Amino acid sequence: MSTNSVAAPLAPADRHAVKASLSILIGASVWGIAWFPYRVLAGWGLGGMHAAALVSAVAAVLSLLAFRRHLGGLRPHWLFVAIGLAAGVTNAGFVWGSVNGHVMRVLLLFYLTPVWTALFARLFLGERLSAAGLALVGLALFGAGLMLWTPAVGVPLPGSAAEWSGLIGGMGFAVNNVLSRRAGQRFPDTDARVRTVVVYLGCTVVGVPAALLLDGPAVAVVPGAQVSAAMLVLGLAAVLVVSNSVVQYGLQRLPANRVSLLMLFEIVIAALSSWWLATEVLSWKEAAGGLCIIAAGALSGLVHRSRAAPAPEAGAEAAACH
C-alpha cells in the first residue's frame, strides 16, 4: 500500500468540529433520559417544578464552586443575562411538560427548533432565511399540524398544558442556542464553563417562581424517600453540570442550525427511554408528524452546512463591529 493511501490527520479546525459535535451529542443523550429522574422525584412527592428548581439551585452552587477560577471572564453584558433567562425557560418548559405529559409529544413540540431558530438567528445573528430554509420551516409546521390535528378540535394546537410547556421550552432552547453563538462571537475568550454557571443561575431564577406558581409552596415528600430524593437531586445536578459544560463547548464553536441538527439525537434517546421506562408509543399520525419535524431539523443543519464556508468570517466581522 502506498503512503498516498494513508488517511491524512485531521486539521485543527476539523478536530475542533468533531469534538464540538461530540459534545452536543453527549448533552443530547443526557437530556433524552433526564425526564425519568424528574418523574421519579415527582412520584416521591417532589413536584416536577419543585424538583427542577431544586436541581437547578444545587447545580448552580456546584458550578460556582467548580468553575470559580474562571468567573473573572464573566462580563456584565445583556447577552449573559438573556442566555440565563432563556435557559431557565427551556428547563422549566422541558421538565414540567415531560413530567406531566406524553414524553414524545412534548419533546417533538420542543424540537420545532427550525422554526424558532430561523427567526432568532435572523434577529440576533443576521443569518438570512433562504428559500430552502423557509421550506423547512413549512415542513416542521406541517409535521406539528399533522401530529396535533384532531377532528374534534379542528385546530392543530397543543392539546394540553404540558404540550404548550414543551412548545414554549423549545422557543427558549432556540434563543439559548442562538445567543450562545452570539456570545461566542462577541466574547471569544470567555471560558465556556462560565456560561454553565450562567445557565444554572438562570434556571434557578426562573425555576423558583415557576415552582411556586405551578406546584404551589407546599412540598410533601413521601416518608422514607427523603434521603433517596436528596441523593437523586445531588446526583442529577452533578450530571447536568458536567454535561452542560460539555455542551457549552459545542455551542460556542458550531453554527446555531447545526446544533439544532445534532440535538435531534435527544429524540432518539427519548423515544427509546420513554418506550422502555414508560411504555409510551406514538400513533401513526403522531409518528408521521414527528418524522416531518425531525426531517426539517436534520435538513436545516445540512442546508446550513452547505453555505457555512463564508459565514464564520462574516459573523466575526459583524461581532467585531459592535
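Heads up, the Cβ atoms here are built off N, Cα and C, so glycines get one too.
Please treat TrEMBL annotations as automatic predictions, because they have not gone through curation.
As a whole-number mean, the pLDDT of the domain 'EamA' (20-148) in this prediction is 86. Marked as domain 'EamA' by TrEMBL: 20-148 (among others).
DSSP assignment over the domain 'EamA' (166-298) gives 109 helix, 0 strand, 24 coil. Feature annotation from TrEMBL assigns domain 'EamA' to 166-298 (among others).
Positions annotated as transmembrane segment by TrEMBL: 20-38 (among others). Non-local neighbours of the transmembrane segment (20-38) in the same chain are 48, 51-52, 55, 94-95, 98-99, 103, 232, 236, 239-240, 243-244, 246-247, 249-254, 258-259, 262-270, 273-274, 277-278; each lies 6+ residues outside the stretch with a CB under 8 Å from one of its CB atoms.
According to TrEMBL, the transmembrane segment annotation covers 44-66 (among others). Long-range contacts of the transmembrane segment (44-66) within its own chain (CB-CB distance under 8 A, at least 6 residues past either end) are made by residues 38, 88, 91-92, 95-96, 99-100, 193, 196-197, 200-201, 203-204, 207-208, 210-211, 213-216, 219-222, 225, 228-229, 233-234, 236-238, 240-241, 244-245.
Counting only same-chain residues 6+ beyond the ends of the transmembrane segment (78-97), those with a CB under 8 A from a CB of the stretch are 31, 34-35, 38, 48-49, 51-52, 56, 106, 109-110, 162-173, 175-176, 179-180, 182-183, 186-187, 195, 198-207, 210, 214. The annotation transmembrane segment is assigned in TrEMBL to 78-97 (among others).
What TrEMBL records for 103-124 (among others) is transmembrane segment. Proximity of distant same-chain residues to the transmembrane segment (103-124), defined by a Cβ-Cβ separation under 8 Å and at least 6 residues beyond the stretch ends, is recorded for 35, 93-94, 97, 133-134, 136-137, 139-141, 143-144, 147, 158, 162-163, 165-167, 169-171, 173-175, 177-179, 182, 256-257, 260, 263-264, 266-267, 270-271, 273-274, 278, 280, 282, 286, 289-290, 293-294, 296-297, 300.
If you look at the transmembrane segment (131-149), the same-chain residues 6 or more away from its ends with a CB under 8 A from one of its CBs are 105, 108-109, 112, 114-115, 118, 155-159, 163, 285-286, 288-293, 295-297, 299-300, 303. Under the heading transmembrane segment, TrEMBL lists 131-149 (among others).
Sequence-distant contacts of the transmembrane segment (161-180) (same chain, six or more residues past either end, CB-CB distance under 8 Å): 79, 82-83, 86-94, 96-102, 105-113, 116-117, 119-121, 123-125, 148, 195, 199, 248, 251-252, 256, 259-260. Residues or ranges marked as transmembrane segment by TrEMBL: 161-180 (among others).
Annotation comment: TrEMBL describes 192-214 (among others) as transmembrane segment.
For the transmembrane segment (226-247), the residues of the chain that approach it from at least six positions outside its boundaries are 23-24, 26-27, 30-31, 34, 37, 40-41, 44, 46, 51, 54-56, 58-59, 62-63, 66-67, 192-193, 196, 199-200, judged by C-beta separation under 8 angstroms. Sequence annotations record features per position, and here TrEMBL assigns transmembrane segment to 226-247 (among others).
What TrEMBL lists as transmembrane segment is 259-278 (among others).
Cβ atoms under 8 Å from those of the transmembrane segment (284-303) belong to residues 104-105, 108, 111-114, 117-118, 130, 132-133, 136-137, 139-140, 142-148, 257-258, 260-262, 264, 267 of the same chain, restricted to positions at least 6 beyond its ends. The feature transmembrane segment is assigned by TrEMBL to 284-303 (among others).
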The domain 'EamA' (20-148), counted residue by residue under DSSP: helix, strand, coil: 111 helix, 0 strand, 18 coil
